[in-house]
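Trainee: Got these off TrEMBL a minute ago, pasting:
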BINDING   TRP53, TYR146, LYS276, GLY307, ARG391  substrate binding site
BINDING   GLY113, SER114, ASP247, PRO308, THR309  pyridoxal 5'-phosphate binding site
MOD_RES   LYS276  N6-(pyridoxal phosphate)lysine
Amino acid sequence: MTPEEILAGDREHVWHPYAPLPPAVPPYVVESARGVRLRLADGRELVDGMSSWWAAIHGYRHPVLDAAVVDQLGRMSHVMFGGLTHEPAVRLAGTLVELAPPGLERVFLCDSGSVAVEVAVKMCLQYQRATGRPERHRLGTWRGGYHGDTFHPMSVCDPEGGMHHLWSGVLPRQVFAPAPPGDFDSPVDPAYEAALVDTVERHAHELAAVIVEPVVQGAGGMRFHNPHYLRVLREVTRAHGILLVFDEIATGFGRTGTMFAAEHAGVSPDVLCVGKALTGGYLTLAATLCTAEIARGVSADGVLAHGPTFMGNPLACAVANASIGLLRAGDWAGEVSRVERALRTGLAPLRGAAGVRDVRVLGAIGVVQLDHEVDLPAATAAAVAEGVWLRPFRDLVYTMPPYLTDDADLGRITAGIAAAVAAGRTHRP
Ligand code: PMP
C-alpha cells in the first residue's frame, strides 16, 4: 500500500486510542523501526522519545529479542493455558518471583496492563470474601492515579483530572485520599501523611485493598512523590488487614532507577502488577504477582475465575525472558542514570521558560509541565520537525526513552521537547 492508501484506509475504518473516528489529526505512517529510531513512510527518521508507550526499553529490532521470538516461533506460537503449561511461562514466572520485592511468590499471567489490574482487584476481593470479610469490597487509592481503561481500573483512576470522568456514576465508587504532594525528594509533609492514614482508617471496615502507582503517577499526570508515603500505606494497610497493591505497569523493569519502584521505599506490596516493558515492548503481556497467603486464601474459596484466551502466550513469555535476560546481563542501572543525567542537563534550560510550570526528571523519565493545555498537533509536528517522536498529553510534554538511547540522541529528544513546548505556546488558544 502507498502511504496515501494507508492513510485513506486508516481514516475510513481504524479507530485510534483516545480519539474520535475519524481522528481530528491524521496519524504518521510508520514503515519500520530499528534501534531507537522510527522510520516514517516518507523516509524521515525519528528518535523515539516514547519507547512505544514506555515499553520498548531496549529499542526496536534488538537482535537478542528478535532471535527469541524466531526461536519460539519454531516451537509454537501459542497454546491454551488451561490444562497445559510450557517452559517459557514457567521460566518467566520464576524470574519474576526472583526479581520482585520479597514475598510475591505466585504469578498470574495475562495479556495487558488493564487486565493485570482487573486480576489484582479480583484477587483482593475474593481473598477478603474467602477469609470471612465480604463487606470489604471497596478499593482505596489517592488522587492523580491511572490504572487502565477497563471498568474497575477506571474506577481507581483520578476521578476528575483523569480520562475517565465521563463514567462517574457508572463506575464503582471508590475511596480517594488527596494526591501525594511534592516531588520525589520533597520533604515528607506530616499533614498529608496524617490525611492519608485517616482516609484509610475511616474506611478500613469496607476496604479490600489500597492500590497505587508507587513513586511515579504516570498517565494521571506524570507526578513523582516521596517514597515515604508508600511506607505509610504499607503500615496502615497491614494494621487493618487491608491488602496493598502496587501497579508497576509503568515503573517496573528499571524505569525509575530501581528494578521496581517499590525498592525506593523498601516495602513489598501484597499484590504487584507488571506489564509494558515486561516484553521489551515486543508483545502484549502482563502479570499479577501475589503472596502465597493470598493464593491460599483465594484457592480455599474455589478458583480464581479468570482465564484470558492468550494467557501465558509462549511468544510473549519467550521475549519477556529474553528482555529480562538483557537487563540482568547488562548495566541497566548505569544506563538509566546516564539517561537521567542527560535529561536533567537537557531540560534544565526550560525551567522558568515562558509557559512552563515545572520541569522534573526521575530515572529515564523527563517531564515538562506547562501552565496550559498543550496544542497536540502543533507540539507533535514541532518535535517531528526536530526528528523526534513525542506524544504530549494534557499540560505535559515528556519523554520516556529506551535505556540505550545515546547522549547525542538524548540531546535530540530534549531539543524536540523544547520545540514542542515552544510550539504549544505559539498556538495557545
Ligand atoms: N497501569 C498503569 C500504571 C499504566 O501506566 C497503564 C498504561 N498506561 C495501565 C495500567 C494499563 O495498561 P494497558 O494499557 O496495557 O492496559
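Any Cβ shown, glycine's included, is placed from N, Cα and C.
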Trainee: Note down the number of other Cβ atoms within 10 Å of the Cβ of TYR146 (substrate binding site), including every protein chain shown.
Mentor: 25
Trainee: Of all the binding-site residues given, SER114, THR309, which residue's CB has the most CB neighbours within 10 A?
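Mentor: When each Cβ's neighbours within 10 Å are tallied, SER114 tops the list.
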Trainee: Filter the binding-site residues SER114, ASP247, PRO308, THR309 down to those with CB closer than 6 A to an atom of ligand 1; keep them in sequence order.
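Mentor: Checking each Cβ against ligand 1, the ones under 6 Å are SER114, ASP247.
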Trainee: List the Cα distance (Å, whole number) between PRO308 (pyridoxal 5'-phosphate binding site) and TRP53 (substrate binding site).
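Mentor: About 23 Å separate the Cα atoms of these two residues.
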Trainee: Could you tell me the maximum Cα-Cα distance in Å between the residues recorded as binding pyridoxal 5'-phosphate, namely GLY113, SER114, ASP247, PRO308, THR309, rounded to a whole number?
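Mentor: Of all Cα pairs among the recorded pyridoxal 5'-phosphate binders, the widest measures 23 Å.
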Trainee: Quick check: in three-state DSSP terms, what is GLY307 (substrate binding site)?
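Mentor: SS state of GLY307 (substrate binding site) = coil.
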Trainee: Just to be sure I understand the packing, how many Cβ atoms besides its own are within 10 Å of the Cβ of ASP247 (pyridoxal 5'-phosphate binding site)?
Mentor: 32
Trainee: Once the DSSP letters are reduced so that anything not helix or strand counts as coil, what is GLY113 (pyridoxal 5'-phosphate binding site)?
Mentor: helix
Trainee: Of these binding-site residues, GLY113, GLY307, PRO308, which scores lowest on Cβ atoms within 10 Å?
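Mentor: Each of the binding-site residues GLY113, GLY307, PRO308 was scored by Cβ atoms within 10 Å; lowest is GLY307.
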Trainee: Across all chains shown, how many C-beta atoms besides its own are within 10 angstroms of the C-beta of ARG391 (substrate binding site)?
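Mentor: By my count, 18.
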Trainee: Going by C-alpha distance, which of the binding-site residues GLY113, SER114, THR309 is nearest to TRP53 (substrate binding site)?
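Mentor: Sorting the binding-site residues by distance from TRP53 (substrate binding site), the top entry is GLY113.
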Trainee: Say you check the Cα of GLY113 (pyridoxal 5'-phosphate binding site) against those of the binding-site residues TYR146, LYS276, GLY307, ARG391; which is nearest?
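Mentor: Checking each of TYR146, LYS276, GLY307, ARG391 against GLY113 (pyridoxal 5'-phosphate binding site), the shortest Cα distance is to LYS276.
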Trainee: Output, ordered by sequence, the same-chain residues six or more apart from LYS276 (substrate binding site) with a CB under 8 Å from its CB, or 'none'.
Mentor: TRP53, TRP54, ALA55, GLY113, ILE249, ALA250, GLY252, PHE253, ALA286
Trainee: Where does ARG391 (substrate binding site) sit in the DSSP three-state scheme?
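Mentor: Reduced to three states, the DSSP call for ARG391 (substrate binding site) is coil.
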Trainee: Rounded to a whole angstrom, what is the largest C-alpha distance between any two of the residues TRP53, TYR146, LYS276, GLY307, ARG391 that the record assigns to substrate?
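Mentor: Maximum Cα-Cα distance: 33 Å.
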